[in-house]
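S.K.: If you scroll down you'll find the structure; I have some questions about it.
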Amino acid sequence: MAKTRVHELAKEFGVESKFVLEKFKEMGEFVKSASSTVELPAEMRFRKEYGEKLKAEASAAPAAPAEKPAAKKAPAKKAAATAEPEALAAEPAAEPAAAEAPAAAEAEAPAAKAAAPKPGPKPAPVAEQPAPPAEPEAPEAPEAPAASAAPAAPKAPAPRPVGRPGAPRPGNNPFASSQGMGRRPAPGAPAAPGAGDNRPPRPPAAREGGVPGRPGMPRPNPAMMPKSPSAFGAGPGGRGPARPGAPGRGGAPGRGGAPGRGGVGTGAPGRGGAPGGGFGPSGGGRPGGGRPGQRGQTQGAFGRPGGPSRRGRKSKRARRQEFEAMEAPTIGGIRVRKGNGETVRLPRGASLTDFAERINVEPAQLVQMLFSLGEMVTATESVNDETLELLGEELNYVVEVVSPEDEDRELLESFDIEFADDEDDEGHFEARPPVVTVMGHVDHGKTKLLDALRHANVASGEAGGITQHIGAYQVHTDVDGEDRKITFIDTPGHEAFTAMRARGSQSSDIAVLVVAADDGVMPQTVEALNHAKAAGVPIVVAVNKIDKPEADPTKVRGQLTEYGLVPEEYGGDTMFVDVSAKSELNLDKLLEAVVLTADASLDLRANPNRDAQGLVIEAHLDRGRGPVATILVQRGTLHVGDSIVAGPAHGRVRAMLDEYGNELTEATPSRPAMVLGLSTVPGAGQNFIVVEDDRMARQIAEKREARERAAMQAKRRVRRTLEDFMASMEKGESQELNLILKGDVSGSVEALEDALAKIDVGDDVSLRVIDRGVGAITETNVDLAAASDAIIIGFNVRPQGKATELADREGVEIRYYTVIYQAIEEIEAALKGMLKPEFEESTLGQAEIRAIFRSSKVGNIAGCMVISGVIRRNAKVRVIRDGAVVADNLDLASLKREKDDASEVREGFECGLVLRNFQDIKEGDIVEAFEMREIPRA
């Protein structure tokens, strides 16, 4: 299903796309344009917040067309309103004359061509200056309106409004028609608020050819501005008459007639009817023209600016930013704004780009800072939590990495979904079966006990007789004539399956702790007990194997009392049942104890009339049916055809099967079922939820997959510092064992990876799991192993297709295992074999030099007596004189017994030897022979 676009939403609610974009911006959603798509959570939020309001406004929309004509006149009203305060402030009595001005100007337009403008009354001068000379008559100047004949009281210029946008500064473009010096504003432009004009606006004259000018707008009058000393000589000047045949613009007196505007008149033919366009003193501004308070403008095409630019006062925000930049810490030559100790929330596996967006800095700055701190990280690379916390501490930020639970909850809340929401109406609750987890030490009979309860033989199907999967079953029992259902979850007992036991205890209501009567309490028994206590579930103890001769149930009760499980017969509150799974003894009493504990301690009710939510117990990849997930419904009812999302997997439920392979149409609370139809294999222990449609399920799954991938990359990334890099360059590359794990179920793969991660054989050898998955070994796995020099570990799986041939051709090793501890032992041995060998010195013997024979051919020959051990020909020797080592790590050039060469000479025999490259020997020196022996690495 395609995503909704912004313009589609706007069309649906009858508003403009701009309005929808603004609302998304207020909501904090980044939407670029009207054609951009909108994610489903953002669309739902928009509909929830603005949908009803927009629909209500749309229902009242028919009254809007009547107001459209008035809306079109708004600009004219606005312009009139702008000029109205000035006209009222100048002279209220001039309003009737100003109203009649357009008609008078229209009647006198033909006569205006030959008539000179009548000078209006001048305001009182602000500063004493010589009066300007009389204006020359302009041939195209219009006749003054009647309103100008009435003198108005002079008034001081009104203060300029704060924040008035200034005119754009002209550039140094020599090809422009005007550079802005003494440039007349366009006809019809609104008057400047601070112009100080105390006369009503002069109506525009008719254009040549009888074409009327633009509607009369108040024209700025520089003559009424305060005068300033001129940089140039004051004098009349004009732009000259208009070109023949060219209609000139308005007939108002030009700037040349204003005091201080005349001077260097160009006289070039230009716009007609506006004398005085030359350079001159600007009224109230700096040399170079412009309004009062405006920046200096250019004097020529490539000339200097008209004066020093006045820099405005900096705002508080600008000053604060400059101060923060000066106070920012400098790390590795990079200056970054320092935080105030605020908390920055980041997801797992976040990159430096994510961190930079939170604190409003450039990612490249953080990359350089980490490089100076000894970490080589790219801007888009997933970074582990320690690195983010280190960087945040340097910048005075508290980095809080969001936990996976909070991360998933925030994701679901963005789709208006709440997991584990039990705040339903009490009237909708119905009783559900208890969920019981069977836990205990390995080989204490947990699976055998479940086989006896459900009359099956699961233990025979497990490799080595050890449960390596989580199984979920539902059995029926008769308690006081009532048929009761109990859901059992079987967990492995091996130490490598700690996480699977923890998942089992957290998803159950009651824990059945199985303890063998002959072995007693074992390490995994205590661990399972701690998991059950941490989950806060009641415990029922099943003392198994009581039919064996060496069984001692009393000893088991005494041992468990030390861990806080006091039997009822001892005055406690824990039920103990002596059973035998092999003989099927007292199994009914165990089921009755489970039901009584559930009725007495728990309120087992759920709402079946809602969308299903629950837990993925186990998942695997079936060759014929695809991904198969064993789920446990915790609330609601799951139906065939529901859209479901479980971790990174999503899809529609195509079929449901029970533990016996029978098809189910629905799964009620506490009902385990196998679900078919998912896109991929979900992780064991992940939650599943039913959503509205496939589109929402796909979006949730994709976001989860992206977050898991980022977290996995940050977890796998080897922290490589500059010091480590330099050291590895000096002494050679360190050894690294790359593995690819493939298993039959996701829980076993997870347990194997966790167990391998705990193997520690030193810093010289490292273990890296580059890929893991569920299902058969494929050619893709072999290609990856060949490219990364990895070994493939297959746990209860075999190669598929031509993967074996490809592995033989590429030289990739594939190891197969069915029991987890065999894989752990062999991989640990392989890691130890990759270690660099360690050597220790072993002393072989000593010989005393009794005589020295000199030979011109071989040098000094030492005649020795072996006083201890043995002297070997290929051994290393050292020379000791008076207890001090004179020479060390020497080779024997020759060793003879009498005249024959000898490989070794034992204690009590004489020999002659020659030391290679050492002749400084004396009688009485001790020659000690030794060798370096390799010792195994522990």
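Using N, Cα and C of the backbone, Cβ positions are placed for all residues, glycine too.
Quantities reported herein were computed from a predicted structural model and do not represent experimental measurements.
If you look up Swiss-Prot, you'll see 440-447, 490-494, 544-547 marked as GTP binding site, on the strength of sequence analysis. Positions annotated as compositional bias 'Low complexity' by Swiss-Prot: 57-68, 77-117, 141-153, 180-198, 224-233. Annotated compositional bias 'Pro residues' per Swiss-Prot: 118-136, in sequence order. Annotation comment: Swiss-Prot describes 247-293 as compositional bias 'Gly residues'. What Swiss-Prot records for 310-319 is compositional bias 'Basic residues'. Taken from Swiss-Prot, the feature domain 'tr-type G' covers 431-603. According to Swiss-Prot, the region 'Disordered' annotation covers 55-322. The region 'G1' feature in Swiss-Prot is assigned to 440-447; the stated evidence is similarity to another entry. What Swiss-Prot records for 490-493 is region 'G3'. Look at Swiss-Prot and you will find 544-547 tagged as region 'G4', backed by similarity to another entry.
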S.K.: By DSSP, how many residues in the region 'G1' (440-447) are helix, how many strand, and how many coil?
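M.R.: Per-class counts: 2 helix, 1 strand, 5 coil.
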S.K.: Which number gives the other C-beta atoms within 10 angstroms of the C-beta of I546 (GTP binding site), all protein chains shown included?
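M.R.: Its Cβ has 19 other Cβ atoms within 10 Å.
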S.K.: With DSSP assignments reduced to helix, strand and coil, which class does T491 (GTP binding site) get?
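M.R.: It is coil.
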S.K.: Can you count the other CB atoms that lie within 10 A of the CB of D443 (GTP binding site)?
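M.R.: Summing over all protein chains shown, D443 (GTP binding site) has 18 other Cβ atoms within 10 Å.
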S.K.: Give, as a single whole number between 0 and 100, the mean pLDDT over the region 'G3' (490-493).
M.R.: 64
S.K.: Taking the Cβ of G440 (GTP binding site) as centre, how many other Cβ atoms lie within 10 Å?
M.R.: 28
S.K.: Counting across all protein chains present, how many other Cβ atoms fall within 10 Å of the Cβ of T491 (GTP binding site)?
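M.R.: A count of 27.
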